[in-house]
Amino acid sequence: MPAVLGFEGSANKIGVGVVRDGAVLANPRRTYVTPPGTGFLPGDTARHHQAVILDLLQEALTEAGLTSQDIDCIAYTKGPGMGAPLVSVAVVARTVAQLWNKPLLGVNHCIGHIEMGRLITGATSPTVLYVSGGNTQVIAYSEHRYRIFGETIDIAVGNCLDRFARVLKISNDPSPGYNIEQMAKRGKKLVELPYTVKGMDVSFSGILSFIEDVAQRMLATGECTPEDLCFSLQETVFAMLVEITERAMAHCGSQEALIVGGVGCNLRLQEMMETMCQERGARLFATDERFCIDNGAMIAQAGWEMFRAGHRTPLSDSGITQRYRTDEVEVTWRD
């Protein structure tokens with residue numbers, strides 16, 4: 001019964017998780033929160049992670065009721081993500097692996113999300129909508145790869161929402177996306193925004209530029225409220241995501257859809273995806289913020305699958321890569 005310790009720190013979340021044979025034993029997490037109207041810079045985020053990661057490690061072991069002797073493998077996020085935070089976490093993972101004399105595994109962040117989603121929901125072979133601050137992809141498994149059927153051609157949907165939040169000076173606590181979701185529930189007017197789907201791909205930079213350009217004028221003249229803009233942005237970008245996911249499901253003949261990534265805990269997105277799945281006679285699988293948002297357990301779970309399949313990461317190859325595509329990884333642990 002291998003137990004795997006996972007470190008995640010590719011963006012503003014830092015987490016340490018412990019997974020043993022499909023059971024999440026611990027999953028503590030911290031978030032680097034910046035003032036309204038601002039984003040998070042790599043250097044500042046890395047310093048935040050460095051300040052709390054050892055406390056999180058001890059917290060995870062205590063919560064799991066394990067010691068270093070009980071851990072069989074150390075997994076960490078190799079990429080994709082922000083360079084400085086990734087390096088900070090990789091250094092700690094390498095050090096712990098050497099101090100405890102444990103094998104090391106570099107994990108693809110995107111695959112961590114997918115494997116966590118499959119574990120928690122029980123989905124067998126779903127079409128995956130992966131939506132976060134740094135990634136937007138529609139994925140399906142085939143022949144030992146997670147194949148990308150569609151993706152953003154510019155910025156991720158979460159990045160679009162986060163940058164829109166800065167325009168309206170919406171709080172980053174607990175996250176800009178969550179606060180947009182709450183404001184959108186009070187929106188009453190649908191403002192027409194650019195809808196950009198290009199085949200199987202989507203584009204969010206145009207809609208962001210448009211809303212940045214017109215938001216203050218529309219608010220000043222009373223054409224709409226901040227809540228109306230939040231509502232309109234959500235409805236538009238989520239409709240784009242549902243469209244390309246449904247097209248991928250039709251292509252694959254899939255009867256399962258799985259939403260993963262931080263934006264995936266948005267209940268309105270889940271509602272729109274559920275409607276589409278019901279019309280197709282398919283099932284929707286989704287998780288809550290414990291597992292949708294970046295966390296250490298998802299890296300531990302992917303590491304657990306890789307460890308059992310015989311994967312190991314030598315120290316000479318234990319760096320990080322900011323660009324690490326989902327379909328670069330050979331998925332040897334699935335048939």
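Just so it is clear, glycine is given a Cβ too, placed from its N, Cα and C backbone atoms.
Taken from TrEMBL, the feature divalent metal cation binding site covers His109, His113, Tyr130, Asp294. Within the same chain, residues at least six positions away from Asp294 (divalent metal cation binding site) with a Cβ under 8 Å of its Cβ are Glu8, Ser10, Ala11, Lys13, Gly15, Arg29, His109, Ser132, Gly262.
The local packing around Tyr130 (divalent metal cation binding site), expressed as other Cβ atoms within 10 Å of its Cβ over all shown chains, amounts to 25. What TrEMBL lists as substrate binding site is Tyr130, Val131, Ser132, Gly133, Gly134, Asp162, Gly177, Glu181, Asn266.
Mean per-residue pLDDT, taken over the domain 'Gcp-like' (29-300), amounts to 97. The domain 'Gcp-like' feature in TrEMBL is assigned to 29-300.
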Field: Nearest of the binding-site residues (Gly134, Gly177, Asn266) to His113 (divalent metal cation binding site), judged by Cα-Cα distance
entry: Gly134
Inter-residue Cα distance where the pair is Asn266 (substrate binding site) and Tyr130 (divalent metal cation binding site), in Å: 13
Query: Here are the binding-site residues: Gly134, Gly177. Which has the lowest count of other Cβ atoms within 10 Å?
result: Gly134
Query: Considering the binding-site residues His109, His113, which residue's Cβ sits among the greatest number of other Cβ atoms within 10 Å?
result: His113
